[in-house]
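The following features are taken from Swiss-Prot:
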TRANSMEM  76-99  transmembrane segment
TRANSMEM  162-185  transmembrane segment
TRANSMEM  201-225  transmembrane segment
TRANSMEM  309-327  transmembrane segment
TRANSMEM  368-391  transmembrane segment
TRANSMEM  407-433  transmembrane segment
TRANSMEM  455-477  transmembrane segment
TRANSMEM  557-575  transmembrane segment
BINDING   CYS599, CYS608  [4Fe-4S] cluster binding site
TRANSMEM  615-636  transmembrane segment
TRANSMEM  690-712  transmembrane segment
BINDING   HIS701  divinylchlorophyll a' binding site
BINDING   MET709, TYR717  divinyl chlorophyll a binding site
BINDING   TRP718  phylloquinone binding site
TRANSMEM  750-770  transmembrane segment
Amino acid sequence: MTISPPERGEKAKPIYDQPVDRDHVPADFEKFEQPGFFSKSLAKGPNSTTWIWNLHADAHDFDTHIGDLEETSRKIFSAHFGHLAIVFIWMSGAFFHGARFSNYSGWLADPTHVKASAQVVWPIVGQEIMNADMGAGFNGIQITSGIFQMWRAWGITSETELMALATGALIMAALVLHGGIFHYHKAAPKLEWFKKIESMLQHHQIGLFGLGSLGWTGHLIHVANPTNALLDAIDAGTPMVLDGKTIATAADIPLPHELYNADLVGQIYPGLASGVGNFFSANWWAFSDFLTNNGGVNPVTGALWSTDVAHHHLAWAVFLMFGGHVYRSRFGIGHSMKEIMGNVKGDPLLFPAPNGHKGLFEFLSNSWHAQLAVNLACIGSGSIVVAHHMYSLPPYPYLATDYPTVLGLFTHHMWIGGLMICGAAAHAGIAVIRDYDVSVHVDNVLDRMFKARDAIISHLNWVCMFLGFHSFGLYIHNDSMRALGRSQDMFSDSAIQLQPVLAQWIQSLWASSIGTSAVVGTTTGLPGAVSDVFNGSVVAVGGKVALMAIPLGTADLMIHHIHAFTIHVTCLILLKGVLFARSSRLVPDKANLGFRFSCDGPGRGGTCQVSSWDHVFLGLFWMYNSLSMVIFYFSWKMQSDVWGTVNSDGSVTHLVSGNFAQSAITVNGWFRDFLWAQSSQVLTSYGTGLSGYGLLFLGGHFVWAFSLMFLFSGRGYWQELFESIIWAHNKLKLAPTIQPRALSITQGRAVGVTHFLFGGIVTTWAFFHARLLGLG
């Protein structure tokens, strides 16, 4: 990638004096009438069907349009605004559905019995059968996105407020869309502005995350938490009294602007009426009623204490605003990222690199692909952490007892995380090919990584084989023993035990921390379990289990090692695609061939499907396999050992009567007692409100099977078939002007993996929803 030089004779000016170019590119709507305007070859129009595939492949590959880093940066920056506009429009749609087509008020009045719905099917060809009874006289489609629970946590009490939010989100969409146009056509930032790393860190940490978190804290303290306190009191059967008026329903709750009255809100949280003098006099304990550290969950809602959540956001705001001030920008004080990274030495044992991290700052600040790879890996990992917090630390009221929603949110965040991590590998591969300069990186950690790639990959390969043979071997053994009627020789909790002692020890550590002074500033320590899933007690809401201890046994240890196997294979494939992106013994000149290429020309047989893109392609399959095992395990484990109803004597009746420990230790058990037994709801859904999922289940299977046609067949077969058909058309003088051509190997694989993932996701979606919605 080239960097635009300054104009000849022009003296470099400080970036703060002139950070943008005015009227950089005039808005030209005629370009949109010419598909492929960004490429000379594509702009000529199609002469074969390959043109449409190349158009899709290159439309957003800004690197190849001009090859200028400044122009690419401007396009990406402008596209960010467009992305935000789409997000705001999507949010507006959600708010609008909540305002016009939902039973939000009915759910808010009785969240333990009324089911959430924000969509009603119109009776056109009989599909109104899908409008099931949600309770309180409302019929619609049950939603499992968790937005009702989230809105309740925000302090939203009516559809009127949702309509206001829908309108506001549309206004924001218009504003950011205008911002994208403005910052590309009217005031385009210069490359130096994009490369001001310290200023960017300050803007993100202080402005976006720090002040954003502080602003959200303000909303929680002044609006959401007082509203939730009133709603909690109503749900607990002990409504509060404000100014002599009993707050018996959500309609009685004061409006947000009324809660700014200190005398009124002081009746809910006295600390809010004490004034800011306590803040400046450091008497912060006066605020301890609305900024708490309770730990555990609210027994009324089964969710984290809203006052704990406010405290959390306030703490993050302080950390981020302080941390954002430590970087050196225009005043010449503070840390320089270049100096920090340049002074870091490599690991003397694993990667002895004399030049340490020298050159990494330049690489990251000149390669947006490298930055994106790091960010995607971090955010993807964060999404997976969020998935696990949905059930262990449920953040929103009544989320924990809405089992379909918990499963949906877990699955969603796992898949999003997996896709982002695969995206990280993709952009790391592109960065290595397009932005990595071998002459610059000499004996630094990047160089040492590439030189040690054979050792890294061979060790990963050994780990994968060890985990694969041993974990699957345990299952083979158990299936064989059960088939032969020798249950006493199986690995199980009742025969040969393989207890996860380390995990059980960690669980007991969390449980034993209750009452210890583990919290700074407290004398009593943790008043309750951080999360009741770690050897805690049963938290029941509305007669259903919200949280309880999750027991671990032999089945969990066996599946854990299956997870370890599949995740390590995914890591092996993705990492190999990055480390071997520029060259390999088979294809030494990969760097010249680019990120994606089908085959490496005549005379070099066996060199197809070795590009960095092909590794991402394979990694996507293994990512899907890995996460399918994770979400299936989660679904079955929770139904068997956690979710259920709490009886009057305190005992729990689980959804599937605890069959996980005995059935999940054989492959046959997974097929019979999970896939087959739990698919009964979706397979028998016709004629019920779940019939839509029955159709989706079949449709998802068809899309998935359709992908195999692209993945199992060779390009040559299709090209020969096309040529025969073209010959027949020529005979009849019906030949098209655009020549039909078979997909390239890369294009075929792209179509295949897309349908494979889409079909599998839709099938799983229908399977999970029908199962848990069918159980009620």
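All positions are counted from 1 along the displayed chain.
Heads up, the Cβ atoms here are built off N, Cα and C, so glycines get one too.
Counting same-chain residues at least six beyond the ends of the transmembrane segment (201-225), those with a Cβ under 8 angstroms from any Cβ of the stretch are 153-155, 256, 259-260, 265, 269, 272, 290-291, 306-307, 309-310, 313-314, 316-317, 320-321, 323-325, 327, 329, 337.
Spatially, the transmembrane segment (615-636) is not adjacent to the transmembrane segment (690-712); fewer than three Cβ-Cβ distances between them are under 8 Å for residues at least 6 apart in sequence.
Using a cut-off of 8 Å between Cβ atoms, the transmembrane segment (162-185) and the transmembrane segment (309-327) share fewer than three residue pairs, counting only pairs 6 or more apart in sequence.
Looking at TRP718 (phylloquinone binding site) and CYS608 ([4Fe-4S] cluster binding site), their Cα atoms lie 18 Å from each other. Using a Cβ-Cβ cut-off under 8 Å and counting only residues 6 or more beyond its ends in the same chain, the transmembrane segment (750-770) has close neighbours at 144, 404, 407-408, 411, 415, 617, 620-621, 624, 628, 631, 635, 678-679, 681-682, 685, 690, 693-694, 696-697, 699-711, 743.
Within its own chain, the transmembrane segment (557-575) has Cβ neighbours under 8 Å at 421-422, 424-425, 456-457, 460-461, 463-464, 467-468, 470-472, 474-475, 491, 498-500, 503, 615-616, 618-619, 622-623, 625-626, 629-630, 633, 664-665, counting only residues six or more beyond its boundaries.
Taking HIS701, MET709, TYR717 as the binding-site residues under consideration, the smallest Cα distance to CYS599 ([4Fe-4S] cluster binding site) is found for TYR717. Within 10 Å of the Cβ of HIS701 (divinylchlorophyll a' binding site) there are 15 other Cβ atoms, across all protein chains. MET709 (divinyl chlorophyll a binding site) is surrounded by 13 other CB atoms, counting those within 10 A of its CB over all protein chains shown. Across the fold, the C-alpha of CYS608 ([4Fe-4S] cluster binding site) and the C-alpha of TYR717 (divinyl chlorophyll a binding site) stand 17 Å from each other. Using a Cβ-Cβ cut-off under 8 Å and counting only residues 6 or more beyond its ends in the same chain, the transmembrane segment (309-327) has close neighbours at 153, 198-199, 201-202, 204-207, 209-211, 213-214, 216-217, 220-221, 224-225, 290-293, 334-337, 395. CYS599 ([4Fe-4S] cluster binding site) has a Cβ environment of 19 other Cβ atoms inside 10 Å. The two recorded residues HIS701 (divinylchlorophyll a' binding site) and TYR717 (divinyl chlorophyll a binding site) have their Cα atoms spaced 25 Å from each other. In this structure, of the binding-site residues TYR717, TRP718, the smallest number of CB atoms within 10 A of the CB marks TYR717. Following the DSSP three-state reduction, the secondary structure of CYS608 ([4Fe-4S] cluster binding site) is coil.
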